[in-house]
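Undergrad: So that we are looking at the same thing, I have put the structure below in structure tokens.
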Amino acid sequence: MCQVGEEDRYRYQQDGPASASKKCVKCKDASAALVIRAGDAYCRSCFNESFVHKFRAMLGKTRVIFPGEKVLLAVSGGPASCSMLRQVQEGVSQNAHKKLRFLPGIVYIDEGGVVGLSKEMRQKTAFELQELFTTTGFPFYILPLEQVLELPTSVVMPVQQQSEPVTGAYKAAVDHFLLHGRKNDVSPEEQENILPCDVNESQTCALQQLIGSAKTLTAREDLLNTLRHHLLVHTARSKGYSKLMLGDSCTRLAVKLLISISLGRGAQLAQDVGFSDSRYGDVISVRPMRDYSAKEIAFYSHMFNVPYVSVPSLHTKTQDKASIQRLTESFVTKLQTDFPSTVSTIYRTGEKLQTAGRSSSAAADGSRCLLCLCSLDTVTDVASALQATLISEQLSHTKIQGPESELSTAEEYCSIKGEGTCRGTGGGVVCCSSAKEVDTPDLRELMCYSCQLTIKDMSSIHHLPHYILSEAQRRHSRSLMREEIREFLLDADEDD
Amino acid sequence: MPALCSNCSEKRAMLKRPKTGHSLCKLCFFFAFEEEIHQTIVAAKLFKPGETVGIAASGGKDSTVLAYIMKLLNERYNYGLKLMLISVDEGITGYRDDSLETVKRNQQQYELPLKIVSYEELYGWSMDAIVKQVGLKNNCTFCGVFRRQALDRGAIMLRVDKICTGHNADDVAETVLMNVLRGDIARLRRCTAISTASEGDGVVPRCKPLKYAYEKEIVLYAYFKKLDYFSTECIYSPNAYRGYARTFLKDLESIRPSSIIDIIHSGENLSVREGVKMPVQGTCSRCGYISSQALCKACVLLEGLNRGLPKLGIGKHHRLHEKILSQQPLTENEEKKLKSGDF
Ligand SMILES: [Zn+2]
Ligand SMILES: [Zn+2]
Ligand SMILES: [Zn+2]
Ligand SMILES: [Zn+2]
Ligand SMILES: [Zn+2]
């Protein structure tokens with residue numbers, strides 16, 4: 001369990017009379033190096049052991065990663081993902097019965113272009129990481145975020161989800177592995193580095209334009225998250241990895257949960273912060289570091305010299321109120337100082353939630369968000385926050401007579417009441433903000449509630465990468481086609 | 001040149017809507033604000049013709065605007081409702097005087113019947129009398145618990161079918177955040193509901209017609225309509241987390257004004273994993289109010305007051321509930337523990 005609640009009670013034992021007498025509660029032999037909870041002192045090796053145990057327990061309990069499977073570790077250079085890398089590194093080199101039996105690879109995405117780092121700086125970081133990754137012997141990929149501009153449409157076309165693993169599938173896989181596996185134990189040396197010096201200047205420029213077209217830092221960070229994830233998923237997919245391992249700690253996930261709520265992502269919350277996220281179908285994201293608090297990780301990486309590289313992010317050196325993400329982070333951090341159980345409470349709230357049921361499995365692409373690929377949460381009851389917002393917009397600006405819309409919400413309500421007196425709310429209402437940019441299909445209707453907010457904050461959608469715009473175009477023409485042949489379709493609601 | 005109203009394009013814009021950012025003239029804002037609430041009421045099917053509806057009136061801005069709008073919409077759209085203002089008087093000298101005066105003025109202005117139910121009437125104890133017995137340190141527990149039930153008890157006494165309260169969008173969003181921070185999954189699931197069905201005899205169905213109205217717009221509406229309200233901040237803050245959630249929400253709103261509605265959208269779309277244990281909602285065997293224990297908190301507190309054992313109900317004394325219910329005498333030791341005035 002996440003022990004963040006007690007983290008303020010972790011204390012390094014200072015040299016002094018008190019620490020000399022303290023023995024480790026686990027081995028009752030070695031002297032304690034840090035204290036977990038009052039009276040629960042651990043020595044170095046017992047702390048290490050419990051840290052390592054937690055990682056394996058998480059993988060064992062969840063049974064999502066199969067033996068022999070290729071797993072891509074997304075390493076950001078920070079202490080959490082670097083500690084995760086260390087766990088995997090030690091796990092695969094263990095002796096037989098304790099050995100982690102999957103085949104790891106590493107991916108690092110260099111976002112220096114977005115933050116405006118110089119080529120030299122980016123180069124330097126890339127070399128540091130290259131050195132770090134080489135020592136692991138795992139295949140690795142160091143990729144600039146600029147690569148996202150070249151992605152194929154397949155990234156945002158949901159792959160038919162593998163049906164939920166049948167009970168016993170995990171055991172079958174283990175048996176199979178024990179019989180036939182083994183031979184692939186040592187993966188062939190493979191690496192792909194597109195070093196910053198190889199990045200085309202014009203691409204960096206295009207990326208900056210794209211991120212810059214988001215007018216708020218909140219939207220910029222959200223967009224960056226989405227793009228980064230697209231590149232991660234694509235890398236995993238194209239290199240044959242079926243799992244993507246993310247280094248989110250329990251502290252990070254608590255912050256993320258609150259960010260998701262604040263950004264209107266309640267419907268996909270469980271996937272955003274859960275152990276596994278299968279919205280990309282054939283590439284499943286997993287978060288094995290979710291039971292460690294940030295402080296626990298900090299202790300670990302400090303005590304056991306886990307190397308990490310600090311990389312500036314979009315909101316480094318910004319004020320608390322620069323963005324929703326930044327605000328939430330500092331809010332949780334401060335609250336955690338006053339109430340040490342804050343993070344673990346929020347985190348446990350997340351554990352009790354699930355992704356809202358609407359067609360979450362085998363959803364057709366028509367009902368998936370164009371950007372984040374969650375099931376669309378925009379089909380809501382007549383009495384809902386979304387409808388209320390639409391009504392407010394309709395009632396607040398001049399109506400332009402557009403093509404007759406089938407169901408004006410306002411008219412519908414009035415007919416329920418049997419009153420015809422709602423002035424000015426009937427007819428096709430064209431929102432002034434969506435009326436511009438006529439040549440591109442209205443992206444908003446292809447997106448979930450929260451991604452729409454991000455797009456609303458953008459001055460132009462023309463800088464979006466080609467793969468996103470062309471997929472939008474494809475979905476748009478599909479729906480036009482469907483409209484045209486509607487009367488011949490027997491089951492008009494079941495799309496694609 | 002002053003900006004024109006983005007709705008009628010004729011009159012001068014007088015305000016910028018916090019909710020949408022549009023610049024509107026006074027009349028267009030009034031209409032939009034009222035119409036939105038009407039559409040919420042219709043879409044969520046909050047009322048049935050012929051019902052008697054009690055409007056919880058505190059004299060504050062939310063309930064004043066609610067009373068005004070309910071009266072207006074009931075007439076404009078022929079809801080066919082019998083409306084009445086219900087106010088709770090805790091019996092704290094000085095505290096309620098001004099706000100009750102406001103409610104009394106509202107009664108005349110809106111021509112709505114007003115019923116004031118006092119703690120004295122409902123519980124046999126005024127807050128002043130309670131403070132005398134328990135001291136200032138723990139009176140918050142009492143007034144918080146008593147207030148939660150006062151409306152229900154009052155509504156039953158007055159035989160109303162439904163209560164509507166002035167909870168606005170900010171309140172709902174704040175509650176979502178607070179329940180996440182507290183990890184209260186049961187409340188998190190319930191708190192975005194716009195209405196509650198009757199849950200037992202002691203509870204009257206409630207609804208929040210202002211659920212999607214921004215607090216700032218409520219103030220704008222009251223300001224331009226020159227509605228008479230009394231600004232009271234609740235002097236009791238029984239929950240520290242609410243304060244944190246409120247500050248956080250205000251900061252979020254300053255970054256992205258739609259945050260309030262975005263959080264409600266999140267709350268409406270959360271779904272609880274199957275198999276997560278929810279507290280069993282029982283009812284109080286004495287008064288019928290929802291309670292997870294045999295006796296609800298209010299009844300335990302009352303029992304304590306009446307027996308001169310004020311500590312009962314403040315700590316965890318669930319084991320004693322059975323004894324109280326069956327009217328068994330307490331042991332000397334138990335009495336002693338519950339008596340000591342100094343909490
Ligand atoms: Zn030890
Ligand atoms: Zn989305
Ligand atoms: Zn106007
Ligand atoms: Zn109080
Ligand atoms: Zn009771």
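Start at 1 and count along the chain as shown; that gives each residue its number.
Note: Cβ is positioned from N, Cα and C throughout, glycine not excepted.
In TrEMBL, annotation is done automatically, which means it is predicted and not curated.
Given the structure is predicted, the values throughout are model-derived calculations rather than measurements.
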Undergrad: So TrEMBL lists B:Ala56, B:Ala57, B:Ser58, B:Asp62, B:Gly166, B:Asp171 for ATP; which of B:Val42, B:Val88, B:Val145, B:Val203 goes with them?
TA: B:Val88
Undergrad: Including all protein chains shown, what's the count of other C-beta atoms within 10 A of the C-beta of B:Asp62 (ATP binding site)?
TA: 24
Undergrad: Return the maximum Cα to Cα distance in Å (whole number) over the record's ATP-binding residues: B:Ala56, B:Ala57, B:Ser58, B:Asp62, B:Val88, B:Gly166, B:Asp171.
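TA: The span, Cα to Cα at its widest, is 20 Å.
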Undergrad: When you measure from the Cβ of B:Gly166 (ATP binding site), which residues in the chain that are at least 6 apart have a Cβ under 8 Å away?
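TA: Within the chain, B:Gly166 (ATP binding site) has Cβ neighbours under 8 Å at B:Ala56, B:Ser58, B:Gly60, B:Asp62, B:Ser63, B:Val65, B:Leu66, B:Lys208, B:Leu210.
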Undergrad: Around the Cβ of B:Ala56 (ATP binding site), how many other Cβ atoms lie within 10 Å? Please give the count over every shown protein chain.
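TA: Cβ-Cβ neighbours of B:Ala56 (ATP binding site) within 10 Å number 22.
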